[in-house]
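According to Swiss-Prot:
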{"type": "BINDING", "residues": "Gly17, Val18, Gly19, Lys20, Thr21, Thr22, Gly66, Asn121, Lys122, Ile123, Asp124, Ser151, Ala152, Lys153", "note": "GTP binding site"}
{"type": "DOMAIN", "residues": "4-172", "note": "domain 'Small GTPase Ran-type'"}
{"type": "REGION", "residues": "34-42", "note": "region 'Switch-I'"}
{"type": "REGION", "residues": "66-82", "note": "region 'Switch-II'"}
Amino acid sequence: MERRELTYKICLIGDGGVGKTTYINRVLDGRFEKNYNATVGAVNHPVTFLDDQGNVIKFNVWDTAGQEKKAVLKDVYYIGASGAIFFFDVTSRITCQNLARWVKEFQAVVGNEAPIVVCANKIDIKNRQKISKKLVMEVLKGKNYEYFEISAKTAHNFGLPFLHLARIFTGRPDLIFVSNVNLEPTEVNYDYHSPEESKYIDYMEQASKMAPEE
């Protein structure tokens with residue numbers, strides 16, 4: 001079977017301060033920074049995975065990074081996107097309520113067919129009331145978008161949004177990632193929602209064991 005390199009443009013969208021840039025930094029190199037200086041302008045992060053058929057799946061991830069209020073620039077970021085990952089702070093009702101506006105603006109540029117993933121970030125925070133999935137779906141008017149609770153701080157479920165999108169783009173619902181090219185497998189911390197995710201972790205562990213020693 002011929003191995004391929006597949007490339008997709010993905011937008012990270014949501015209010016400022018919900019953890020978009022922190023999340024993508026976590027995916028790229030395992031780094032978590034609670035405090036950082038927001039980047040001015042769009043930033044394109046290449047995020048690469050290897051699947052179980054040897055294909056390289058590359059996501060060109062566009063982070064709006066501090067430009068959320070500049071409507072003209074947002075259109076430029078969205079054009080040509082294959083899909084989007086929307087973020088909100090699971091402890092902040094206003095960031096959840098704003099999801100509907102973000103989705104509407106994205107779909108006005110890209111259309112309604114591009115797949116969408118919704119991420120409730122900061123699920124690790126203790127002693128604060130968290131927004132329920134039911135409320136999120138009410139805000140999004142019952143749209144059946146894929147939904148994940150994640151933590152950029154602990155890396156909880158941080159790869160599942162990309163895994164879900166890869167399955168849609170390739171038409172392979174059983175696709176698994178055998179490695180995150182950007183990060184050592186030992187950094188992965190998943191909540192196993194299905195046999196497929198469990199199988200993914202098994203592959204990651206095997207890949208780690210087979211890696212040559214320095």
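Just so it is clear, glycine is given a Cβ too, placed from its N, Cα and C backbone atoms.
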Out of Gly17, Gly19, which has the highest number of nearby Cβ atoms, where nearby means within 10 Å of its Cβ, if these are the binding-site residues? Gly19
Other CB atoms, at most 10 A from the CB of Lys122 (GTP binding site): 23
Could you please provide the mean pLDDT value for the region 'Switch-II' (66-82)? 74
For Ala152 (GTP binding site), the number of other Cβ atoms found within 10 Å of its own Cβ: 26
Which site among Thr21, Asp124 has the most other CB atoms no more than 10 Å from its CB, taking these as binding-site residues? Thr21
